[in-house]
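One structure is given here, and the rest of the page talks about it.
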Amino acid sequence: MDAPVTPVAIDNDHQNPSKLLPSQKNTSKGGWNAAIFVIFVEMAERFAFYGLAGNLITYLTNNLGQPVAAAAKNVNTWVGVSAIFPLLGAFVADSYLGRFKTILASSSIYFLGMVLLSLSVSVIPTHSRKPVFFTALYILAIGEGGHKPCVQTFAADQFDETNPEEKAAKSSFFNWWYLGIVTGASVAIVVVIYLQDNVSWAAGFGVLAGSLAVALALFLIGMKKYRKQRPTGSPFTRVAQVFVAAARKWRLTESHGSRGICCEDDRVRGQTMGPKLVRTNQFRFLDKAMMIDNDDAMRKSRNPWKLCSLNQVEEVKLLLRLIPIWVSCLMFCAVITQLHTFFTKQGSTMSRSLGPNFKVPPAALQSLVGLTILIAVPVYDCVFVPIARKLTKNPTGITMLQRIGIGLFVSILNMVVAGIVETARVNTARKHGLIDTPKAVIPMSIWWLLPQYVLTGIGDVFTIIGLQELFYDQMPEEMRSIGAAAYISIVGIGSFVNTGIISVVQMISSKHGKEWLGDNLNRSNLNYFYWVLAGLSAINLCVYMWISSAFEYKKVEGYDEISEGKELEMEGYSDVRV
């Protein structure tokens, strides 16, 4: 009962390399020779993003004169928008432009935004700097929207999974990819933030713009080496077809009126066949979309808006299963946004001397998160996973959802510890009579903040990398760019959640005395705010555990399912560990 399939011509520059016959593959394209250019582009983008985001609150408060709470909201809003735009960018890439053209266009926009940002802190007249600065920020957010969901998937596309050598190289690629991201971010936090604090903001932003220009040039140099895929049309059409078909057959049941189910799948306009999924019992109302009624049986070709395949229905179920997980991880991302805001403001009030002539920029402590990740990832792979494997008999040690859950628990500890350290900081200020001098340096070392930065890094190793893997592994193949964007959007919506929590806390606390998050941190109750986040995170963890207990992993015909963790050992999917 298949719809007619339109034949397409093979194009080695655009066709999925894993779907080509050996005689059709262009061996001069792809592999490490191509992927290395994309890695450098991503390193430069992360260098630029963290060089800006890491110290943004300092510029807003010290140079633009914004109150601390307002500056924190603005940082959260910008980070949130930057993480939501990738949903649109992924849709455009998968449906219209393709990943290569989307990366090229978005990288150009990103570069122009950074140039405008550099001009806004240097040659733009003082009275016009604020609107130009914020305009540049959101141009950068647009560039981030096209770049972020496509670049990792495009780089992974350079490795052919049907070639044993390239398949092994692809597994190694994800490790080097994550190392490149952390390296770019860490160098930016140390070098660029030092320039911003000790030379000038124009010099700091100028370095970021220069790095993006070099990365864009490198990306173009490698243009002839890339394997490119054609856009296959909107994947949301297949999703909509399932809901429409199910609604049209809402009275039909398998025992009354159904003449069987449609098991055969099709792709049109060059779409590639994905793995054949096993039928599951969740969201059974969607099963009506694949039931064959009398009208379907009499048709020579099926109407895709009235009859869908089993595979198509199960792909929609995969999406629906991920939505509750997506929602239950928002609180984690609300917690980690403190890294760019209140953690930095705490450090700015503490003793930062390192030797007689050097002061540690408060935002530079964010590099400790990257350092923690660089240490924790090998420890996780080489120590934690083998031990867990012996206990659980699971080849991956623990399941993806268990990994995410551990990170959620670490985020609770993070906020508890941050609240305790903040209490000690305020008590020290009170002891030395500095409670009403917010610009005075409190005689308490900035290194007391080390535990909360380390815990942030450990939480990322479990939850952030776990989410990357989950939203790659459990998404339909033709929607993996959108899966990457969905994972990224958790960070964005989490930033908005944090902004909402700040607003509610300020409103309630102002009605009962003073605002918890005032400009004078010594008089504020930042420790209470951290503990509120810890309490909300604890409630969220309970909800997450309830949701994950009912989660069903993707089931594919021909592959073994792990009995305890319900994870699949799927060829090609196990290569995405970062």
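Please read every residue number as a count from 1 along the shown chain.
In case you wondered, yes, glycine gets a Cβ from its N, Cα and C as well.
Remember, predicted model here, so these are calculated numbers, not experimental data.
According to TrEMBL, the features are:
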- 1-27: region 'Disordered' (REGION)
- 17-27: compositional bias 'Polar residues' (COMPBIAS)
- 77-97: transmembrane segment (TRANSMEM)
- 103-124: transmembrane segment (TRANSMEM)
- 176-195: transmembrane segment (TRANSMEM)
- 201-221: transmembrane segment (TRANSMEM)
- 318-343: transmembrane segment (TRANSMEM)
- 363-388: transmembrane segment (TRANSMEM)
- 400-421: transmembrane segment (TRANSMEM)
- 453-472: transmembrane segment (TRANSMEM)
- 484-508: transmembrane segment (TRANSMEM)
- 528-547: transmembrane segment (TRANSMEM)
The transmembrane segment (318-343) and the transmembrane segment (201-221) contact flag, 3+ Cβ pairs under 8 angstroms: no
Annotated stretches the transmembrane segment (176-195) and the transmembrane segment (103-124) touching (3 or more Cβ pairs under 8 Å): no
Contact check, the transmembrane segment (453-472) vs the transmembrane segment (363-388), 3+ Cβ pairs under 8 Å, seq sep 6+: yes
The transmembrane segment (77-97) versus listed stretches 201-221, 363-388, 400-421, 484-508, 528-547: most Cβ pairs under 8 Å: 484-508
Positions on the same chain near the transmembrane segment (363-388), where near means CB under 8 A and six or more residues out: 50, 54-55, 58, 175, 178-179, 182-183, 185-186, 189-190, 193-194, 197, 339-340, 343-344, 347, 394, 396-398, 446, 449-450, 453-454, 456-458, 460-461, 465, 577-578
Interface present between the transmembrane segment (528-547) and the transmembrane segment (484-508) (three or more C-beta pairs under 8 A): yes
